[in-house]
């Protein structure tokens, strides 16, 4: 029973992506430790000691003389879920090695009452972020279809939104696929077919890391776009190619550099360990930079908006435009990484519980919020949907009399309506580009 709890806890704590079943991954790591033990024992001179060096399927024991006690730390393979550090020992007797003492599970802390609460916490977190990513994926897909279907919605702003939606969708897909592989309980394991199949695991991790980084950089692009909209003289549509290079290009270069450092410095396992600091910083530093830059853009945008809203030269329609933009910006920019600033400066392990709740639970619903704000609450989108709905209603049987009635009622005012239409001006570029909500 305890062994199953240990394995379950180990599987839940494999938060990095892997294309190998967790139980097979567990056995593969055991095999790696066994290989290291064999190499270590072969290099040691036993000198006909009473107890030869041995691998007991969990720990490596060096040669010893009769009466000698050998003490080793808890096995490294279980280090992901130690509740406390501990040691285990064996005595060398005339009959050979004694049983391990103290009890392996007790010594390494697996019977700690906190373990069950931790497992419950991880199960709850997984359920929440699975729901969040699923709902986000459905809402983002719906929003993308809506924007693509209506030609009047095709503009630079919405093209950027579509790329942001795609980055959120890829992020959700990578997480859901990763979990379906890691936590699948169906089928019979065939671990003997998988030793050495680290290539697929590494490719999955590369895809996962790329989706995460691309998502951060498209959030940065949204911040850059809003900032450019406020300060630039030229239309920001001319910067769209640069936005594409930032959103998809920079993550590609950074992931390529990370792969190179992994291959040269830490090409071990599934690339989900961080024993060497350089590969870890190569993948983490670009994300930290995007978070900091986006936070700086947020501060700058708020400052510019406050200046424009309090300026005596701004009045009437312009002021309402800036108020609408202020509402949109203040709702959206905090989603673009401001909450990540809370944990960006903290080392790994500090306030890990709160960080998990923010990044997994809150972050999983981020795509849903962005889809609602950028698409479903967008006045242009709502107008197009209403227009399409009215068109569908008019094509239904029984609507002919309604159309004739509407035509006769509108004919009397057609000339005045035409005059109003001719006298109206086209909306300004700023108004058309900032009608987010």
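Cβ coordinates come from backbone N, Cα and C, glycine included.
What Swiss-Prot records for 1-22 is signal peptide.
Under the heading topological domain 'Extracellular', Swiss-Prot lists 23-123 (among others).
Other Cβ atoms within 10 Å of the Cβ of residue 37 (disulfide bond), summed over all protein chains shown, number 18. In the three-state DSSP reading, residue 37 (disulfide bond) counts as helix. Marked as disulfide bond by Swiss-Prot: 37-60 (among others).
Sequence annotations record features per position, and here Swiss-Prot assigns disulfide bond to 51-92 (among others) based on similarity to another entry. Around the Cβ of residue 92 (disulfide bond), the number of neighbouring Cβ atoms within 10 Å comes to 21.
Counting Cβ atoms from all protein chains shown, residue 57 (N-linked glycosylation site) has 9 others lying within 10 Å of its own Cβ. Among the features that Swiss-Prot reports, N-linked glycosylation site is placed at 57 (among others).
When secondary structure is read from DSSP and collapsed to three states, residue 108 (disulfide bond) falls in the coil class. The annotation disulfide bond is assigned in Swiss-Prot to 74-108 (among others) on the grounds of similarity to another entry.
The feature N-linked glycosylation site is assigned by Swiss-Prot to 87 (among others), with sequence analysis given as support. Secondary structure from DSSP puts residue 87 (N-linked glycosylation site) in a beta strand. Residues near residue 87 (N-linked glycosylation site) in space but far in sequence (CB under 8 A, at least 6 apart, same chain), listed by position: 71, 72, 73, 74, 107.
Within the same chain, residues at least six positions away from residue 91 (N-linked glycosylation site) with a Cβ under 8 Å of its Cβ are 67, 68, 69, 97, 98, 101. The N-linked glycosylation site feature in Swiss-Prot is assigned to 91 (among others).
Swiss-Prot lists 124-149 (among others) with the feature transmembrane segment, giving similarity to another entry as the kind of evidence.
Under the heading topological domain 'Cytoplasmic', Swiss-Prot lists 150-157 (among others), citing a curator's inference as support. Across the topological domain 'Cytoplasmic' (150-157), DSSP assigns 5 helix, 0 strand, 3 coil.
Marked as transmembrane segment by Swiss-Prot: 158-179 (among others).
Swiss-Prot lists 180-202 (among others) with the feature topological domain 'Extracellular', giving a curator's inference as the kind of evidence.
Positions annotated as disulfide bond by Swiss-Prot, on the basis of similarity to another entry: 201-270 (among others). DSSP classifies residue 201 (disulfide bond) as helix under the three-state reduction. Here the Cβ of residue 201 (disulfide bond) has 22 other Cβ atoms within 10 Å, regardless of which shown protein chain they belong to.
The transmembrane segment annotation in Swiss-Prot covers 203-227 (among others).
The annotation topological domain 'Cytoplasmic' is assigned in Swiss-Prot to 228-238 (among others).
What Swiss-Prot lists as transmembrane segment is 239-260 (among others).
Around residue 108 (disulfide bond), taking its Cβ as the centre, 24 other Cβ atoms fall within 10 Å, counting all chains. With a cut-off of 8 Å on Cβ pairs spaced 6 or more residues apart, the transmembrane segment (158-179) and the transmembrane segment (280-303) reach fewer than 3 such pairs and are scored as not touching. Confidence over the topological domain 'Extracellular' (346-353), given as mean pLDDT on the 0 to 100 scale, stands at 56. Around residue 51 (disulfide bond), a 10 Å sphere centred on its CB holds 23 further CB atoms from the protein chains shown.
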